[in-house]
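Asks: My structure is below; once you've seen it, I'll send some questions.
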C-alpha cells in the first residue's frame, strides 16, 4: 500500500458518525467509493494555449479509439479501486495549476534530478491515480505508439471519472504536449493549502485568471475523496477562538461530526495515513452534497468552512446546495477552462513514450 493511502477500516468510524447525522438529513450514505479530492480555483481569463488551438477531434485520424481505450482502463481501475476517481481529479488539478496541463506532475524524480513529486504538498498524491494514467498509456502505446500525450490522458481520465461517479460530462479539447521540465519547488508555492483564507485563495488564483465563481464551483470536487487528519487537526484539538478562548473544537462544526473526527484522528501524529471523507454523506458520488454539508456544519477543511462564511462565496455555496444543475453546469465550464490552462503544443513539448520520464531527458535550464 502506498504510504499516503488509507484503509476503509480507518474510515469506518466516520461512516458510523455519518449514519447518526443522516438521521436528521435528507441524504443517505452509499457504499464507500472514496478517493482524494482536489483543491480549487478563482479571477478573469485563463492563460492562453501556447502554440495554437486544440480540438476534441485531434486524434480522430491518428488514434480514433483513444478516448474509448482510456475509458476502459480508468473505469476498470475505478471499479477495482474506488479511490481512483477523486485521486485522478486531484492529480489533474495539481498538474494544471502549477505549470499548465502538461503532465509535469507525472515525472518521477531520480538520482540526477528532482521533480514535482518531491514537493511536500504532492507527497500525498494517491498512487492509484498515477497507476490509472500509466495503464492507459500502456494500452494506447499498443494501439497507436507515440501519438497520445500523457497530458491528454490525464485530462480525459478526469472527465471520464467525473461522469462515471455521477457528475457532468464537459468538453475536452485535445492536442496537449507533455512538458520538458518539472519543478520540485513550484507546487508548494503555487498550489493552495488547506489552511488558506478565502482572501488568499482569491488573490492567488485570481492572478491565474479564475473567478470567485470558478473557485467555489471547483471546490465542489471535494464531494469526492478524503483528506488526511493533519490537514484539519487544528479545528479539532487545542482550538482557540479569535479572542484566544480555548474551545473543545471549532464551534462552527456540527458537534457530533467534530467528536467523531476527534475519535478517528486521535492517533494521527503516530499514523499520518489516517484520514476522513471530505463529504461524509455521499463520499463516492459526484453530487452537490459538499455544499449542503457546509450549511450543516459538516465541512471538513477550514477552507471549506470559510466558503460558507465569507460574503463573497456564501451566496454561491447556497446556490449550489439548492440547485445541483447549476453546480454541474458551472463545474463543467470551470473544468473545461482549467483543462486549457497553460497548455503546451507543438515544439513547446513532446509526446512521452512513458508518462513518468522524458524521452531525452529534461530541457536544459
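Any Cβ shown, glycine's included, is placed from N, Cα and C.
Take a look at what TrEMBL says about it:
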- 192: substrate binding site (BINDING)
- 222: heme b binding site (BINDING)
- 63-144: disulfide bond (DISULFID)
- 96-101: disulfide bond (DISULFID)
- 150-355: disulfide bond (DISULFID)
- 229-265: disulfide bond (DISULFID)
- 1-27: signal peptide (SIGNAL)
Asks: Between the disulfide-bonded residues 96, 150, 229, 355, where is the Cβ count within 10 Å the lowest?
Replies: 355
Asks: I'd like the Cβ neighbour count for the residue listed as 'substrate binding site', meaning other Cβ atoms within 10 Å of its Cβ, all protein chains included.
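Replies: I count 21 other Cβ atoms within 10 Å of it.
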Asks: So if I draw a 10 Å sphere around the Cβ of residue 265 (disulfide bond), how many other Cβ atoms end up inside it?
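Replies: For residue 265 (disulfide bond), the 10 Å Cβ neighbour count is 23.
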Asks: What is the total of other Cβ atoms whose distance to the Cβ of residue 101 (disulfide bond) is within 10 Å?
Replies: 28
Asks: So if I draw a 10 Å sphere around the Cβ of residue 63 (disulfide bond), how many other Cβ atoms end up inside it?
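Replies: Residue 63 (disulfide bond) is surrounded by 19 other Cβ atoms within 10 Å.
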